[in-house]
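Below: one structure, written as structure tokens.
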Amino acid sequence: MTKLTTELLLKKGLPKCSHLKDLKKLNLSKMQLDLKDLDQKLFSQMVNLDELDISHNTLSDLPGNLRLHNLRILNFADNHVEDVTVLKQFPNLEEVIYEDNIYLTVSDNYKVFCLLPKLRRLNNKDITSLANHVRFVNHRELSNRVEAYWESKYKDKLPDKPPSQKINAVAKDFIKAVVDNVRYGPSSLKDFVRWKVEMIARNLIFSLSNDPKKDTDPVLQTSEDTAVENSSKKRESADECTEGSPTKRPRIQIDLQSMPLSPRKSSRLQNSPLCLTPTKRKQETSAQGTPSKFIETKSPKIALKTTPSKKHTNELSAKITGKPKLPLTPKKIHKALDNIEPLHFLQCHSKNNSCEDFKTQLWACAFEPNLDSSCPKAVATCGGDSICIIDCETGKVMKKYKVTGEEFFTLVWTTLTMIGKDGQKRKINVLAAGGKYGVVRMIHAKGSLCYGEIKAHKKAISIMCFSPKQETFLFTGSYDKRIILWDIGVPDCDYNFRPSQLLTLDTTSVPLRMCVVPSCPDEFLVAACEDGCFAWDIGLDKKQGRRSHEVEFNFPLYKEERKDKCFHIIDSLAFLNEDIIASKSVMQGSIYLWSWEKTLKSRKNKNVKKLDAVILSQMKWSSSETPYLVLSTSPERDCVFCGDEDGKIWIYDLDSCKADLQRGKLCSTVKEPTKILSWPLLCSQKEKTVDKTLINVVTVDPTMEYLVALTDINIVSIWKIQ
């Protein structure tokens, strides 16, 4: 036993200082401390303490009021602690270690998940995915069972407006009965389930005594099953999703064998503009027995037929100097947009690496988050059966990942904090990619490893996005007309991970684009679908694990619909800032800028399911009738980009009207594009001339150095913004 004093605590703590309030770390390990040695008066002075180590002592419990509200890391391993509920006094804990406390069980782990909302690591293991599953999915299920038990057994014992005395009389019997009768999960979690059920039951009784408005929504069930495979395991058969899986272009029911070289013709829309059923085809290769792998490749480049300017020639031969480019200021953007020149044209998704492949369609691209300023700017692209990661400056394909028989439609990056074998934290960029097989593949590109797969949907995945607030929260949209929220977890040092399904959102058609609302990332998701634009409540504290849309947005263009024109197909949507959304409909000929906040404020009550979008501005775009040409935004630079069917890239610099947009001022005139980039005349290695193409998607990096456009004819075009 050691007597703790101010002097001793200052000696054991860091940084070295003269006041307890300045301590950030404190190591009291192996000091034979008992419960009575932890003086609350001393500990309450360490208001800024971030990390506390009291491991290898003889503690039977922790004091209940240490007032260490900023504590993030707590280690009390190798003690005699029997109860973890005392940890709720540390709401900001992110990491806890309590190994070798022989009285603590797996049920205590689950209790800690519920008590500590910010906990990410327990006993040196990442638990984000499992903890979120317990906090949300298990909580929902147990809440539903407790409420169902109340409804069937005890509700009739109370009058409509029961007095508190009557509620208290029934409450004691109800709590005892529900704890004894509600079962969930394996027997090893029996103690946790009883504890959790009692908490839920007490909250239910409390809500009745406070007479809130009763929620009469039906209880909806959600599937919690998800299959995970690590890279060391053979991928299971995907026969259930190979036969009849939809193609990426579900515009019209049509025989795919009669398709021309470019599968999109405006006549396809004219034939049956309201038919939204996906086309189907038999896949050439089953997912079974088709291993995925990273491969080395030298991708064919396509040369400019016209001679570039001397300035451009210098750019093509320039090498990376490692000197970071100064970010563009808003005043320089317009000037920069006048100086965008082609840099590389690559055929890196060719079948068999053939330079004659002008049929493979490219669907999505995303710039890798910058973890190191010395690293080259890299962009991930997908199309056909492969994913490429390209150095924008050199045009070199640094990594290529291929899955025979797959057709990738979407990809998205996230940055995770991984713990290495040395115990050190390091940030890694992870790429999630999905497509025809309905499987999300988790790729650590720098490690040249696809470390796992999530069997997310039985039909093809059309779109994905990560939450900007929770880096492990992944939304996947599919041709099965569902959007599912996953917690993908963080891989350990051996790349083992455990994803969890948290929420299912039902859509009325295929989701094409989707975004978490930046101003409220825990509350709403907006998606552009084949029959309109919708928003869902994604709050995980709600009862329903499966939900329909909260609201549908109407656009002025809908009033002009007729038999040969369907404007409900919203094929593009992106946030320009925290409030303004850029979106367009098929055959619209323009792009809408509309306010999320003002639109939602027009909702008079929650029973209103349709809202007129508050349009702030309209921007002229191509009169193309070709669907699924995706726009993108640069929130950092207030710019919008969109390609068209002739290979042109439309660019809108909105800095000049930024103030009006932020004030919600309506612009009555249609805004012209700031610049239109024309497709250059290209010549392949076999002297094939490419004078125009269809641009599927355009994106720029956050610092506005590179613009990347993907085409329908297997060409990745990279442009340099000077």
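Cβ coordinates come from backbone N, Cα and C, glycine included.
In Swiss-Prot this protein carries:
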- 219-230: compositional bias 'Polar residues' (COMPBIAS)
- 211-292: region 'Disordered' (REGION)
- 22-42: repeat 'LRR 1' (REPEAT)
- 48-69: repeat 'LRR 2' (REPEAT)
- 70-91: repeat 'LRR 3' (REPEAT)
- 456-496: repeat 'WD 1' (REPEAT)
- 506-546: repeat 'WD 2' (REPEAT)
- 565-604: repeat 'WD 3' (REPEAT)
- 623-662: repeat 'WD 4' (REPEAT)
- 690-722: repeat 'WD 5' (REPEAT)
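Here the repeat 'LRR 3' (70-91) has long-range neighbours at 29, 47-64, 97-104, 108, 111-112, 115-118, 123, meaning same-chain residues at least 6 beyond its ends whose C-beta is under 8 angstroms from one of its own.
When the stretches 22-42, 506-546, 690-722 are ranked by Cβ pairs under 8 Å to the repeat 'WD 3' (565-604), first place goes to 506-546. Per-stretch counts of Cβ pairs under 8 Å to the repeat 'WD 4' (623-662) identify 690-722 as the leading one among 22-42, 456-496, 506-546, 690-722. Of the two recorded stretches, the repeat 'WD 2' (506-546) lies close to the repeat 'WD 1' (456-496), with three or more CB pairs under 8 Å once pairs fewer than 6 apart in sequence are set aside. Within the model, the repeat 'LRR 3' (70-91) carries an average pLDDT of 96.
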